[in-house]
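K.L.:
Below are the features I grabbed from TrEMBL:
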COMPBIAS  279-302  compositional bias 'Low complexity'
COMPBIAS  316-329  compositional bias 'Polar residues'
COMPBIAS  340-351  compositional bias 'Gly residues'
COMPBIAS  359-382  compositional bias 'Gly residues'
COMPBIAS  392-402  compositional bias 'Basic residues'
DOMAIN    20-254  domain 'Membrane insertase YidC/Oxa/ALB C-terminal'
REGION    274-402  region 'Disordered'
TRANSMEM  20-40  transmembrane segment
TRANSMEM  83-106  transmembrane segment
TRANSMEM  168-187  transmembrane segment
TRANSMEM  218-240  transmembrane segment
Amino acid sequence: MWVWHKVFGSFMGYDNSWAWVLSVVFLVFTLRLILFKPFLKQMDSQLKMQAVQPEMKRLREKYKDDRQRLAEEMMKLNKESGVNPLSSCLPALVQAPVFIGLFHVLRMFQPVPEAGSETGFGFRQNVYFFGASDVQSFGLAKIFGGAPLSSSMTMPADQLLHMAGDRGTIITVGIPLTILAGFATFLTSRRSVLRQREINPEAAATPQTAIMNKLMMFVFPVFVVVGGPFFPLAILFYWLANNSWTFGQLWVAHRMQDRKKAAQALIVEEAKEAAKFSKPTPGAKPKPGAKPVAGAKARPVVQPKSRTEQPADPPTGTSLTKQPATNPDPNDGGANTTAAGGGGSAGGGAANGTASNGAAGGSAAGAGASGGASRNGGGQRPGGRSPNRPSNNRKKKPGNRR
């Protein structure tokens, strides 16, 4: 505050009342700006704590009869999740000493009993970094003509007389400041409660959380309004500036969190779409060097047939052409069968040997047919032909006779 008073007093005047008001307000802004990064970490820690609430609930139910084991498991869970429960207390722990220190300094600026003084009161000579002139300048600084910054609405009349203050003016200035400070506290608490219900509705619905939310939304603002008349006007300016900054800081931090969550959700959605389209179609061959996709089904492997299962080659001498079907004659006995066998031999001979071998096969066929006919009582038809087979008597080429 001393630094900011020197800054604003350099162009507004060191005895200017609004230079002191701005020094108090910018003291708040400087402190909150320093704590902005820890505040963001606190918000992230709260999100992580809300994310692990279901697991904590499970641990409480599992180890409800063993408090030591429950504490160990919860510490382990917080460590694995990166949650630090004490990080949420850092901004409050830092702001509390500043508020107490400012309140103490402002009380030191008030007049104290002094013997030999016309009013019986006087200002201190030195207050920490402030000299006697600074203490007197702040003690006599008035806003709106008659409301000293170090005075309160319930200040004793003799002290107020030494500062030449007017109680009516002090009340006229103090009541609106008190109401505005209480309203800013209510808006800040309401913003925090609504955010908690939005992020983790289950935790916000518990009885303990509901009680704390009611305290934040109603008790704290009422405390500011009720306690306002007993605090100096400079403290009311401090409350108004601090709660207004907190409300704006929450709005900015929540927007940053929403954008971060939206970006993370977009990345996850794009990864799912990429995984969906990267799966190969059934039966498609994978590209060389392509990595396997998680969830894709492997193609069935077809084993080649062994050599024993390959179809055998036709035996030597077997005709590959389909022979016409024959209808056996019951009167022929075995003649037709023998003749057919002989014909096959003749064909084989013609295909694999010489013409003479084929003729010999034909003669053997004729002999077989005659033998079959004689055994069956002369079933040979005239001409020696079978009714269903053509004659095997072919004209022999010259030079093939034996």
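Note: Cβ is positioned from N, Cα and C throughout, glycine not excepted.
A description of the local structural setting of each listed feature is requested, covering burial, neighbours and distances.
P.N.:
For the transmembrane segment (20-40), same-chain residues at least 6 beyond its ends with a Cβ under 8 Å from one of its own Cβ atoms are 1-2, 4-5, 7-8, 12, 87, 90-91, 94-95, 98, 102, 137-138, 141, 143, 149, 234, 237-238, 241-242, 245-246, 249, 253, 256.
Long-range neighbours of the transmembrane segment (168-187) within the same chain, counting only residues 6 or more positions beyond its ends whose Cβ lies under 8 Å from a Cβ of the stretch, are 143-148, 151-153, 155, 160, 217-218, 220-222, 224-225, 228-229, 233, 236-237, 239-240, 243-244, 246-247.
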K.L.:
Over the domain 'Membrane insertase YidC/Oxa/ALB C-terminal' (20-254), what does the predicted model average in pLDDT?
P.N.:
84
